[in-house]
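A short worksheet on the structure shown next.
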Amino acid sequence: KTNNTGSTNNTGGTTTQPAGQTDTGNASGEGKEKILRLGNISSPTGKFNPLYANDDYTAYINNLIFQSLVTVDANANLQPGLAEKWEVSEDSKTITFHLFQNIKWTDGEPFTAEDVQFTLEFMSDKNYTGLNSTYVQQIVGFDEVHNQTAEHLSGINVIDEYTIAITTKEVYASFYEKIGRGVGIIAKHVWEGVPLAEVEQRTELLQNPIGTGPFKLQEYKADQYTTLVKNPDYYEGTPKIDKIIIQVVNPDTAQAQLLNNELDMIRVESLNPDDIKIYEDAGFEVKSNLLNAYQHMVINFNDPILSNKDFRQAMAYAINREGIVASLLYGYGNVANTIYTKEFFAYPGDDAINDYAYNPEKAIEILSTKAGYEYKDGTLYKDGNPVKLTLIYPSGNKAREGAATVIQQNFKEIGIDLKLELVEFATLTSILQERKDDNFQLALLGNGFGADADVAQNVGTGGSNNHSQYSNTKVDELLVEGLTSLDNDTRAPIYKEIATILNDELPVIYLYNWERFTIVNPKVKNVNVTTYSFYEGVETWDIVE
Amino acid sequence: MSDTILKVENLVTKFKSSGKTVTAINGVDFSIERGKVLGIVGESGCGKSVTSLSIMGLLDRKRTEISGNINYQGDNLLQYNDKQMQKIRGNRISMIFQEPMTALNPIFTIGFQLKEVLALHKGIKNKKEAKQISLEMLQQVGIPRPEKVLEEYPHQLSGGMRQRVMIAMSLLCNPELLIADEPTTALDVTIQAQVLELITGLKNQFNMGVLFITHDLGVIAEMADEVLVMYAGKVVEQAPVQELFDNPLHPYTRGLLSSRAVLFHKGEKLHCIPGKVPGLTDMPIGCAFHPRCNSVCDECRAKVPELKEVSHRHFVRCFPVQKGDLGYGI
Amino acid sequence: MEYKQAEEKPLLEVAGLKKYFPIYKGILAKKTGDIKAVDDISFHIRKGEILGLVGESGCGKSTAGRTILNLLEPTGGKVTFEGEVLYDVEKKQKITANRMRQMRKDMQIVFQDPYASLDPRMNIGTILTEGVLKHKLYQKKEALDKAKELLEICGLSASAVHKYPHEFSGGQRQRIGIARALALNPKLIVGDELIAALDVSIQSQILTLFQEMIEKFSLTTLFISHDLSVVRYFCDRICVMYLGSVVEIGTSEQLFSQPLHPYTQALLSAIPKTSPKDNKDRIILTGEVPTAANPPKGCKFHTRCQYATKRCKQEVPQAIEAEPGHVVNCHLVEKRTGADYL
Amino acid sequence: MAEKKQQENGTSLFKVGMKRLKKDKLAVFGLTVIIIFTLAAIFAPFIAKYDPAVQDLLNTYQPPSKEHWLGTDELGRDVFTRLLYGGRVSLSVGLISTGISALFGVFLGAAAGYFGKAVDGIIMRITDIFMCFPFYVIAITVAAIWGSGIWNIMLISGFLNWTNICRIVRAEVLSLRQREYIEAAKALGMNDFEIILKHILPNTFALVIVYSTLGIAKGILSEAGLSYLGLGVTPPQASWGNMLAAAQSLRTLSLYWWLWIPAGTAVFITILSINFFGDGLRDAFDAKMN
Amino acid sequence: MKQYIIKRLLVLIPVFIGISIIIFALIHSAPGDPYAYMVESGLPIEEKEIQLQKIGYYDSLPIKYIKWVGNVFQGNLGYSIRYAEPVATVIGRRIGNTALLSITSLVVSSILSIFLGIIAAVKKKTVTDYIISVLSLIGISLPTFFLALGLIKILSIDLNVLPVSGIETTGANYTGWKRAVDIFKHMFLPFLVITCTQTASMVRYTRSAMLEVLGQDYIRTARAKGLAGRVVINLHAFRNTLIPITTLIAMSLGNLLSGTVLIETVFVWPGMGNLLYQAVSNRDYPLIVSGTLFLSICTLLANLLADILYGIIDPRIRYN
Ligand SMILES: Nc1ncnc2c1ncn2[C@@H]1O[C@H](COP(=O)(O)OP(=O)(O)OP(=O)(O)O)[C@@H](O)[C@H]1O
Ligand SMILES: Nc1ncnc2c1ncn2[C@@H]1O[C@H](COP(=O)(O)OP(=O)(O)OP(=O)(O)O)[C@@H](O)[C@H]1O
Ligand SMILES: [Mg+2]
Ligand SMILES: [Mg+2]
């Protein structure tokens, strides 16, 4: 069931119940404070500014404190965020956001359009050292602000206190994803006076964030825990939970902590049926979401062997991806054959693509008939030389680590000697980013993306995540075309075509999509984790002992 | 005789190690009198130190087996338990050792190590009093600038000084008996002369008995009133010092006396005792000295001779001598 | 023992020999002074002569012996062996390392400690043939035969070549040490306290053996000992050291009949009696015993000398030949020469 | 008869030590275990029925059975097989890393001790520097930066652990240098090189062996520790360390005992045996007891 | 004494320089460039160049080193990339936790191992001695993380008497005495693991040190004075044994401060080991360099402390 409906309504979303003083907070509740304890495998960095945090663990906290203009629901449909509604101009280049009028920063200041303007201009500045400046590059006037020849983005028009219009240079298809959903709005009155170059050194400000979200930071202890308390003034209603403590746990022992009631909820990358049984026997709820992400094998296109498409297809046939999903993921996931997951609106449909079902014979056949290889006595030869390849893969993900050895064994079956090299994640990324011809041949990596279909960074020529250095003019053209509309209905066919091409060309070998688990103590109610948001409706979460 | 301080009878000391038992001393008898020096001579390993340590009860009880009788004031010291022995050690019977360089605890001051004895045996806890007594004692043993020495650590003193401190320590409680186990072996001749003089002087002053152990016949000649010659864990000859030097009877004693380097003359052959001292584990049958003896008879090879008085106060453990087979002696 | 006039050249000549060991202190290892182990000594040994070097522990006898053999780097002085200068520090003259190694064949040493002077991991055969093979005196097999021969001469069985040092007693080890030195057929042999570590009954064995060897191989010998009584009849001449310096040299007879230096006198009187009947007047030394690291100024012995004068505290006494061949370093002797002092 | 023979051939200190060692029951036990494990590792291909890397994704987490004596792991690989091959890796990591550190340690220690003065000063300062390095921190940094293959682990362990042997050898050489037999060798006309080679090094040998033995244990433990942090020998190559590390989750600890008990026991028994043996060696060859 | 310490400190300087050079070279010779992590990856090439230039990426290694040392001397250890805080602050926050854990363990294990070591030495070759020796061998033969996980399984999961990880119960907000108890509970497991391994290795040392002392002549002298066996051991023997042991303890302190990477990781103990492991995984180079340097200096100082203590306890050195 692909999901490309809705979400393009220009004035989306329903106005949720106004955040009156519905509850006098916990003052009445002489009873116990409702505390939710979450596990986080690594410590947040203390950069509680959404424009600077570039790791999951900090984002995990920032997402409770900061908000963006829009959000998406479980099906990637746009939903109001800070903006109540929005309209798109004729030429699709200008979007006008109408902000909720009753939102306050947690220090009591009102939230206004100026904060949005400030945030976007903040990101445009040359001295902004966060990683997201590309999000706002499309806004008119970006270059001037970036080079400090202009103070304000000319593409931004603050119409009134609660209305702001943003104009992009071209039609910017990723607008909602990047600007609407991707930018957490920060408070102008807090950051105004701070020279941009010094932001990352303003520990005091970074660690006492002022946001608009449902929770406020109370205490941050690096490498131990972060405590957040509810924001009673949250415009969508005072959260029912009084406090969230996100604590650093050792993934090896987190399970024990959950069962020992030292934690209420954890997010786990992989589980096996035995684990699930343990949890379920103990009465825990195990939720899973297919992530909008895929694991793949990066292929160095500068390598003479690997640049051959037949060879790549043969590799895809040779790898027992079904087996990987069944055994390493215990079935919690599916084989990936192109860049999008089956649930995504841009997925071209099973019929439109080749499923490269595990078939080593076929792989050998392709190699020997089409690609000019010779398969003899269990070894594959090219011009009389046995074929040898090296696969580097990062540590840290057990399933992926296992996949590497499966691939090694599968390659052996088609006569390829595959050498494995385990490296640390950071090492791998630095190798891939070097973009050299010969510093790697094959590499395993995961890649995730948000609710938008644009994959230019992944498969476009010179894209920052295009580690294979794949280049295809047709794909490049389609990628540009895909950006010219804000309407996913219009865009869908374009991206489907891209997906089909990728399925055939295999710039990377797509391996699998996987599910992420959330294990929840039954006393925590109303948890509804979606593919796009962990804290969906967090203000309604409750704890009932 | 009321002058007898200690009477040792048939002392046998055995060491047990990993199931085996070796006999280090095998039937030693002697007695020590007040104001007299009993010297024990013998080569390395013949059991001199073990004899003294057995008397002091300083051997590891678990690893040794001591039998016989060490008669002290009518009691057998071997029957004493640890507590009773502790009362006697360092108090009634004290001991000084061969190695003055290592016999003092390096991390305590001389003063502390002296005071400890006073507190222990005399109950003198008063610092001033203890210091006073210590000072006097140091002066007695001829230590220059004793006040300073009290504050010093052993490594700051020379060997001779340390040995004097040891002597001072052993005399603090006016012991009846001083056991000196090769007290001068590690010292230079000039220092040795000083120490020997000192011991003689103090012995006379305090009227102690002294058990003086050495392997140097010259020192014996100088110090002893009565001499015990030991060989392989047994006394082979016992006599007053003059008698021993004038009229040595046992072939071993004779050998020892005539092989002294002092007597070496250029161009002449020095007398030698051939062979070497047997180890505890390869003790010959019969007289332990017989393999090295030049007047050995059949009996010597078969039986262990008894220690017999062959002339007045002159005892010897040798068949040929006892039978008068040798051309000298008696 | 009569004193022979020096006609032929001495085999070994030692002039103004000095050996200081630097004292380093602190972690910076700053040199803060010297242990003057050997401080300006001179003597000579004629061919076939036995010179005794006596003195108390730590007075620098061993150091002198080693420095003469160039086993320790000299601090000063000159040593001539068979007319060839081994080194002359003042003239910055030094024999080459190669030549020195060649010459080692002719000058050997036997050490004090029989337990430490044999490499525990080598068997006796190897120990004895090592030097012979190094100097290519014999082939391997011959060398071993020669070693066995030597062992027998030294009173050990030939089968000992297969054994290891720990299987021998101290006396036997000392014999091996002597055999090792003799294996090279040297001209000069330094015996460093050969018997100090041995049992009384063994001492005489070793001493006898050593003397036999000296006669047999007609060796020139520097015999180091701390015991005056031992060297008395063993040596032709005796050299008495105190704290790194020579205080008196003379023939044994001269020294024993007319000791001139107060230290020699004290040393002689400290020898224990040989019999209880002996009646001796003891000179008991008093006073502080100085160390080589901090020797007293002037005459080094003055702190313990009962005759010490003001001059002794300030001025280093020069060598005075009191009678032919009898040299003494003492101010007192200078003042009242010869007989009237005695 | 036997006695006579012995007398003729003499008994070197080595033989004496061996004799003493033979009496030490724990040491003999240790040595036996080490030999058995080493043989098992060497002959792994003949003992094991499976290939250590071959996976059977349909048969993961199988408890021990007739086919799989110690069950299978998360990829269906035979645990017993991996244990044998893991022994190869772990033992060689221990051995080679110790070899490296012993080589460095002996060389530098001997040079420092024998030549003294400036050479000694410089070498000792370098030793100080290396002694101050926090082992695991440097090890993980290097492993992370340069990758963590088996060779890298050996090198890291080797380069960070030579200081101990260096200091011990230096101290020993310093005292050996004072021994009279060294001087005797000099007096015989031997040169420095011959003296070091024939007299000094052989006499440090026992000490080096003892400390190296204990170093092997340290090497194996370091590999296991680094594996726990994901920086040990890289899979699919099996080492005891990474087998243990793979089983670190509590789920594995409670549900799949065959994934960690055998590997854990293998490490434990090996280290224990090495320690027993090393201790025995030390007692048997200790210079003071000779 | 003062002079001695000053001298010792002076000698540390070349060692310190050596350490810093090696660490610096180590990090900077890493393949891939550490600076890549300091610069936004999505930037256009030219911008990146400018930024790289600015951080000093193009300086030669010696220049980089000199710049860095200059900063260090101004008390500026650098800025942690990951934590966006001065490295000194980050380290400052952790070192206390590490010190708490390691010093407590060290104190307890020292007392324990001295006690056991002395018993083993006094009862040499008895059953007691063998038991202690074998136990200590077992202790040093267990991989620490393994022991840690085993203890967690038994004490935290099966018996559920101790918390699994962390330093205090989050959210409980205990204060005063209660907080101390809470921290103690959390600390107990890591403390137990460190103490076990530390004791195991120290016992062997104490035992042999004690044995050596017991064989000395002055012990015999003490007994010859008539002192009771207890006094001989507790005063004369023990004081002398203390000399090598104190050195050992002080040196262990240096090791412990950094040697707990594994244990801190297992127990999520917010200390130096854990921090540096995180820093390494996140390639937080300024933090790695300064953290490692800091720990090395701690070790260096601990060794210095050992030397000084040695000098204080042992009069033979004191008066030299
Ligand atoms: N604790 C012990 N265990 C086993 N044997 C011992 C022990 N103490 C001494 N012996 C043995 O007892 C014998 C006598 O030793 P003792 O120390 O009495 O000799 P000594 O005559 O004092 O020799 P020295 O002149 O060398 O001091 C020696 O053979 C020695 O090996
Ligand atoms: N290698 C060395 N380093 C420093 N000092 C030394 C060294 N060798 C000897 N000394 C010192 O030199 C002085 C003379 O020592 P030497 O061994 O020559 O004396 P000795 O007369 O042979 O004494 P002994 O009778 O004890 O053998 C002593 O104070 C000693 O401490
Ligand atoms: Mg003795
Ligand atoms: Mg000497």
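Cβ coordinates come from backbone N, Cα and C, glycine included.
Marked as transmembrane segment by TrEMBL: E:9-30 (among others).
Under the heading transmembrane segment, TrEMBL lists E:99-122 (among others). Proximity of distant same-chain residues to the transmembrane segment (E:99-122), defined by a Cβ-Cβ separation under 8 Å and at least 6 residues beyond the stretch ends, is recorded for 128-129, 132-133, 136, 187, 190-191, 194-195, 198-199, 202-211, 214, 233, 237-238, 241, 245, 249, 252-253, 256-257, 260, 264, 269, 271.
Residues or ranges marked as transmembrane segment in TrEMBL: E:134-155 (among others).
Taken from TrEMBL, the feature transmembrane segment applies to E:183-203 (among others). For the transmembrane segment (E:183-203), the list of distant contacts is 100-102, 104-106, 108-110, 112-114, 116-117, 120, 132-133, 135-140, 142, 144, 147-148, 151-152, 155-156, 162-163, 165-169, 245, 248-249, 252, 256, 260, 263-264, 266-267, 269: same-chain residues at least six beyond its ends, Cβ to Cβ under 8 Å.
Look at TrEMBL and you will find E:242-267 (among others) tagged as transmembrane segment. If one looks beyond the transmembrane segment (E:242-267) by at least 6 residues along the same chain, the residues whose Cβ comes under 8 Å of a Cβ in the stretch are 95, 98-99, 101-103, 105-106, 110, 114, 144-145, 148-149, 152, 164-166, 189-190, 193-194, 198, 202, 205-206, 209, 273-274, 276-277, 295, 298-303, 305-307, 309-310, 313-314.
If you look up TrEMBL, you'll see E:287-313 (among others) marked as transmembrane segment. Within the chain, the transmembrane segment (E:287-313) has long-range Cβ neighbours (under 8 A, six or more residues past its boundaries) at 1, 4-5, 8-9, 12, 15-16, 19-20, 23-24, 27, 68, 72, 77-78, 80-83, 87-88, 90-91, 95, 242-243, 246-251, 253-255, 257-258, 272, 275-276, 279-280.
Counting only same-chain residues 6+ beyond the ends of the transmembrane segment (E:134-155), those with a CB under 8 A from a CB of the stretch are 116, 161-162, 164-165, 189-190, 192-193, 196-197, 199-201, 203-204, 262-263, 265-267.
Sequence-distant contacts of the transmembrane segment (E:9-30) (same chain, six or more residues past either end, CB-CB distance under 8 Å): 61, 64-65, 68-69, 72, 285, 288-289, 292-293, 296-297, 300, 304.
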